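First the structure, in the form of structure tokens, and then the observations on it.
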Amino acid sequence: MNKNSSNIMALAPNTSNKRETVCIFGTGDFGRALGQKMIQSGYPVVFGSRSPQTSNLIPKEAEVLSHTEAAQKAAIIIIAIQRQHYDFLTPLAEILRGKVLVDVSNNLKINQYPESNAEYLAQLVPGAKAVKAFNTVSAWALQSGTLDASRQVFVCGDDMEAKQMVMDIVRALGLTPLDQGSLLAAQEIENYPLQLFPMWKFPIFLSLGLTAFFFFYCLIRDVIYSYVYENKDYSFFIAISIPNRICPVVALILLALVYLPGVLAAIIQLYRGTKYSRFPDWLDKWMLCRKQLGLVALAFAFLHVFYTLIIPIRYYVRWRTEDGIISKALSNKTDPFNNTNGWLSDSYLALGILGFFFFVLLGITSLPSVSNSVNWREFRFVQSKLGYLTLILCTAHTLVYGGNRFLSPSSYRWYLPNAYMLSLIIPCIVLILKFVLIFPCLDRQLTQIRQGWERNPQY
């Protein structure tokens, strides 16, 4: 309740023209950038430094004093120094009693210390009110006006009044405060800037693994096989042809993997007869990164489109076209138009265009600025209903592309099928399982389970 109330209070900015003096301990890059931003927002700023002599790097409007003198002038003190230099605060304990100490520090690695820097600061100066904030904002972002950087500032602290004072400052700087609760959340907040794409690791590594696998798979089938058995050098396929086989294959597999965990979760719930039992950890993590999987799949789909658009200007394609025309002219032969092939070709292209259109629509809807403007039912309709439609269209696009080549012996080199045939395995499994789950008998039971019904309730 406290957390929600503080967020509601944060919507009402302090309209007073006169702002309280803020003290900043530390004259490094971040301290100076934060001080300059506060001055621009109307805050009187005083810097506390070991060397109080004025530097030309310090904003001219700010005053530079010793730590003791600066602390006496403000109720809010921002500690813009590293944790290993906090020892100088111990002699200032009496002066800092009752004041708000804002810890903005970060560490070099995740969980570097047993406790967070903010908790350590609270232990070092027990009479002060410690608040964690500003550690997710860089000096560069402050200097650039935060126009092209994240505006979110995570704030946590045990004293609600002190936390609210800091959130008012955050808001006055044009940033968005996010109340994360008590000081116990400081460890998580400090780890946040050190995480390198935490939700993207699995999708990226998976896509790289699939790309490497299918690259060597296509290399064996299309280049090495032709060189060994036909004495033809198709090594130039590595530049365009093989990537244009890999991209749609990886895109389709990743798109299917976006919806596979939801199907598996439904099967587990039906088997257990309850929704109040945790899924396995691997399934939880898989479901949490579905958005990233979909965006990586969309990136591969875009590459497939670009590669396809340049096919007509390739030398190899132009050579084959010209050679075929000349050969037919010399032999005075023409091939009659095949209506079936015309339908297959146009259907294949139409399904690909529609599939890519809905794929892009899914990607746009996943953007925060778009998803925040629709309600939950609308978002679920796009991501679920249109998502499965996209998977159906892309799978049909691949099936029509294969045509009758699935049964052609020439399609199997060294008994290896074409890569697109392998890409159909997971999508077909997902669509078949989903088709089974929408049977009324199963769908009704699954809906009841998700509404709280249990087959064997345990009290």
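Glycine residues also receive a Cβ, built from the backbone N, Cα and C atoms like all the rest.
Where the annotation comes from TrEMBL, it is an automatic prediction and has not been curated.
Annotation source TrEMBL lists domain 'Pyrroline-5-carboxylate reductase catalytic N-terminal' at 21-107. What TrEMBL lists as domain 'Ferric oxidoreductase' is 249-394. The annotation transmembrane segment is assigned in TrEMBL to 204-229, 249-271, 292-313, 347-365, 386-407, 419-442.
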For the transmembrane segment (419-442), which partner among 204-229, 249-271, 292-313, 347-365 gives the most CB pairs under 8 Å?
249-271
Return the average pLDDT for the domain 'Ferric oxidoreductase' (249-394) as a whole number.
90
Could you give the residue numbers and ranges of same-chain residues that sit at least 6 residues beyond the transmembrane segment (292-313) on either side and whose C-beta is under 8 angstroms from one of its C-beta atoms?
199-200, 202-204, 206-207, 240, 243-244, 247-248, 250-252, 254-255, 257-258, 356, 359-360, 362-363, 366
Residue counts (helix, strand, coil, in that order) that DSSP gives for the domain 'Ferric oxidoreductase' (249-394):
122 helix, 0 strand, 24 coil
Residue counts (helix, strand, coil, in that order) that DSSP gives for the domain 'Pyrroline-5-carboxylate reductase catalytic N-terminal' (21-107):
32 helix, 19 strand, 36 coil
